[in-house]
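Taken from Swiss-Prot, the feature ATP binding site covers K141, E178, Y179, D187, R211, S212, N213. Taken from Swiss-Prot, the feature Mn(2+) 1 binding site applies to D248, E260. The Mg(2+) 1 binding site annotation in Swiss-Prot covers D248, E260, and the record cites sequence analysis as its basis. Per Swiss-Prot, Mg(2+) 2 binding site is recorded for E260, N262, and the stated evidence type is sequence analysis. Per Swiss-Prot, Mn(2+) 2 binding site is recorded for E260, N262, and the stated evidence type is sequence analysis. Annotation comment: Swiss-Prot describes 104-287 as domain 'ATP-grasp', evidence class sequence analysis.
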Amino acid sequence: MKIGILSQFPQLYSTQRLVEACQSRGHEAVVINTLNCYMNINSIKPSIHYEGTELVGFDAIIPRIHASVTFYGCAVVRQFEMMGVYAANDSISIARSRDKLRALQLLSRKGIGMPVTGFANKPNDIPDLINMVGGAPLVIKLLEGTQGIGVVLAETKTAAESVIEAFLGLKANILVQEYIKESNGSDIRCFVVGDKVIASMKRQGPEGDFRSNLHLGGCGEVVKITAVERKMAIAAVKAMGLVVAGVDILRSNRGPLILEVNSAPGIEGIEQTTGISVTEPIVEYIEKMVSARKTNRPIIA
């Protein structure tokens, strides 16, 4: 097969590991900078051009769309889909998961546990908004934030009101979320491919920081997840319509809670922490799906 890896960062560990996994299974891997693609949108033969050449002959793509280019990245993935190319994560699912509010509403609709979350537009909604999620301490998140950036812990009601007023004053869209104190600044990252959790690790934030993102200095360790956590992670991925995803889970006094579903999860941290390859299962899944499409067999994930 000819597999395209959509990534702005060809030298990144995640990109290189995906290339290696494709090649080790006998496939041609082509790294494509998403932003350098341009599209011919028509009703007869839609196409994508790249650096002066039309992209042809691809069987599948693995989208690694950075959050900052979600709109254009999804347009490129959608164009590949129009050309009959299989996308490991399709454009609609990526867009769903990137919209934090919509993602939480989808989880809520499916009855999947998550922290109590509030969303508001007007400053005079603030006092009731804070009470709605259980009062301070609480977490305030920018809807557009990634990798722990734009996430603030407000220890008191006064601090919460000040931060919310400041964000809303800047016309920023925010979520207000209950703080799960018993998680102690840690979460569990599950790497899901299809209907399987391939690997999982516990991420612990640096001392004094409630955010556990490895990009912010957190550390990872191998963890054994429960059957409930495994089932919940898979259900969360299915709720988004994704195939490959990282699911972040908080352990709370009322059971596991889904914090986020990431459509382009980091690969380096979880592979180096667990010693498990997560890239080969991605390629194996693509092989199964492309083969089933060609033979019109029922697809069993």
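Each residue's number is its place along the chain shown, starting with 1.
Note: Cβ is positioned from N, Cα and C throughout, glycine not excepted.
A map of Swiss-Prot features onto the structure.
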residue : record                : Cβ neighbours (10 Å)
K141    : ATP binding site      : 20
E178    : ATP binding site      : 19
Y179    : ATP binding site      : 18
D187    : ATP binding site      : 23
D248    : Mn(2+) 1 binding site : 20
E260    : Mn(2+) 1 binding site : 22
N262    : Mg(2+) 2 binding site : 23
Spatial neighbour of D187 (ATP binding site) that is closest, considering only the binding-site residues D248, E260, N262 and their CA atoms: D248
Alpha-carbon distance [E178 (ATP binding site); D248 (Mn(2+) 1 binding site)] in Å: 16
Secondary structure of D187 (ATP binding site) (DSSP, helix/strand/coil): strand
Per DSSP, three-state class assigned to E178 (ATP binding site): strand
Residue among binding-site residues K141, E178, Y179 with Cα closest to the Cα of N262 (Mg(2+) 2 binding site): K141
Nearest recorded site to E260 (Mn(2+) 1 binding site) by CA-CA distance, among binding-site residues K141, E178, Y179: K141
